[in-house]
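According to TrEMBL, the protein has these features:
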COMPBIAS  579-588  compositional bias 'Gly residues'
DOMAIN    9-467  domain 'Major facilitator superfamily (MFS) profile'
REGION    565-588  region 'Disordered'
TRANSMEM  7-24  transmembrane segment
TRANSMEM  56-76  transmembrane segment
TRANSMEM  88-110  transmembrane segment
TRANSMEM  116-137  transmembrane segment
TRANSMEM  149-169  transmembrane segment
TRANSMEM  181-200  transmembrane segment
TRANSMEM  278-302  transmembrane segment
TRANSMEM  314-337  transmembrane segment
TRANSMEM  344-368  transmembrane segment
TRANSMEM  374-392  transmembrane segment
TRANSMEM  413-433  transmembrane segment
TRANSMEM  445-463  transmembrane segment
Amino acid sequence: MYKRTYYISVLVVAFGSSFSFYSYDVVNPAQNIVMSWLNDTYRARGQPKSASELDFVWSVVVSSIAVGAICGALSTKPLAEKLGRRNALIANGMLNVFGALLELFSKMLASPELLIFGRMVLGATMGLSSGLAPMYLMEITPMKSRGAAATCHMIVVAFADWFSLFLSLPEVLGDAQNWPVAFAFSGLPAFILCCVLPFCPESPKFTLLSRRDRVGTLDTLARLVNVHEGQTMFEALQREGQSTQTLTVADGNSDQQPGTMSAASICRLFRSTELRMAFLISMWVMVAQQMTGCAAVFAYSTDMFLNAGLEPSIARYSTLAIGIMYFLFACSSVFFIERKGRRALSLFQLTLVTISLSFMSFFSWIQASSGSKIASYGSIVALLVYMCGYGIGSPIPWMIASEIFPTKYRASAVTVAITIAWTLAFVISLAYLPFRGAVGVPMSYLPFILFSAFSVGFVYFLLPETKNRHTDEIAEDIQTRSNNLRRHSLNILPSAHSVPSTLGISPSMEVLAISANQRQRLLAHRSSFAGTSAMSSARSGKYASLAFTPPEERGGLWERVRMYPQRQKRDRSSTEGGQENGNGGTNL
């Protein structure tokens, strides 16, 4: 079904672009070695630093990569639109090579500033890879396998994380002489990407829906998959283009060409009623993953183990162990994500992370209170379980924005999602240590526990399943879930038993706004009740007219809903009075 070009494209993008995350954790085991070099460099300049000043310089070195990642994430949309997915990945690879060279020569030139700037450049490549790599992988893959393709990105990210922890050990390349080589290693796969990816095809979605090149799209699909699969993908792309055109007209942008991503702005994600809930869901899923505390775990896992009472050597190898665990369970997510679905796996991840963080806080409290060695090893087990849960669901937030939005809005949504992710990573990695010093180790996990527990409920009620579903189907599911949640949360609405209805449906549904298709079906159903009494029809007409009025024409909807109990009470009083006077009134 898949051709050789497809496998080469996936392999090159995964290991050439996604591997840039190697630079995030490479500083962890080599911290003492690099800080010693920083101290010697400033002394040689005649600018000796105190211990607190040296800690601040190291914090800048570590967090500078997140600053660069934010800048890279903000550049995802313009690069993806103007250059295309493939060419943007090539430009990102060149930037990665440049940043790696800065890291390599920083020690030779005795320049901490060059080290910081190099990490900022590498951070920019990470931010770009966060959006571009899964976007490209999913767009060249048929719908039934796109989840597995996007998971390849997170598998390589997990492998890069583990490999960086291994390569920067003092026993490997993290010693005083070779640490620049360990820091610059990510430039090698990026260089290979720059050499090979120009011969790979562009994304067929970008070619058809943005460039409007039908012939080029068919040629691209012929290079990637067989004829039958290519025809299926082409028809799906055409349907998506038509859906995007309909959405453009609904938003008041009928003058725009269908599928042109230049018409999609980030502001429209907030303004459009059709996109707002999808935007909220995609952003919250990304925020939920970051608020599990993954940035703090990746940046300070060795320090966490030291605070749990472990020896430095055991702490370093425990950090390596959680990196391996992350990689193994990220690999297993390839099999689960297409069998169990995105929603179930996200719920499993957040639940397991919440439980493991709770045990981590509990064991830290016991260790701080009694110095128990068993509690120290319990912390290792809890953090390993945390990494199992995080790894198995780690690809999902990076996939959601690419799956629930049409191509027209995909680049904007991915840009915002990645920017939020890296902003939170920067804030958490920068604020965790001061926060821990203020509240203590056991309480430092509490914000992550509470937020993860809340996110379980959010995902359960609002996140739709996106596996093997088209964008329009997902959008309809999102609208249904949103309406259901809103209906159950509106306590001001009367109970279903107290509202008269001739439609054969729940009266609370009549009060709420419904879709055009539902409105047509209900109108047809309503005609079967033509024999209803005049009084019943008159009374139910008040509620039916409210249901069948389009949202844009319902000027006083909430005022009518608010006044409904008073109207109901008044009608009931009139009916009871008519019965007492013998007027033959009917108590409905």
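Every residue, even glycine, has its Cβ placed from backbone N, Cα and C.
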- Count, for each of 88-110, 149-169, 314-337, 445-463, the Cβ pairs lying under 8 Å from the transmembrane segment (7-24), and report the range with the highest count. 149-169
- Item | Contact set, same chain, for the transmembrane segment (56-76): CB under 8 Å, 6 or more residues outside the stretch | 23-24, 27, 31, 34-35, 38, 49, 88, 92, 112, 115-117, 119-132, 295, 299, 411, 414-415, 418-419, 421-423, 425-426, 429-430
- Note on the structure: Given 149-169, 278-302, 314-337, 344-368, 374-392, the one sharing the most C-beta pairs under 8 Å with the transmembrane segment (413-433) is 278-302
- Query: Which residues of the same chain, at least 6 past either end of the transmembrane segment (278-302), have a Cβ under 8 Å from a Cβ in it?
  - Reply: 24-25, 28-29, 31, 62, 66, 161, 269-270, 315-316, 318-319, 322, 346, 349-350, 353, 357, 383, 386-387, 390, 393-394, 396-398, 400-401, 404-405, 413, 416-418, 420-421, 424-426, 428-429, 432-433, 445, 447-448, 451-452, 455, 458-459, 462-464, 474-475, 478
- Message: Give the mean pLDDT for the domain 'Major facilitator superfamily (MFS) profile' (9-467) on the 0 to 100 scale.
- Response: 83
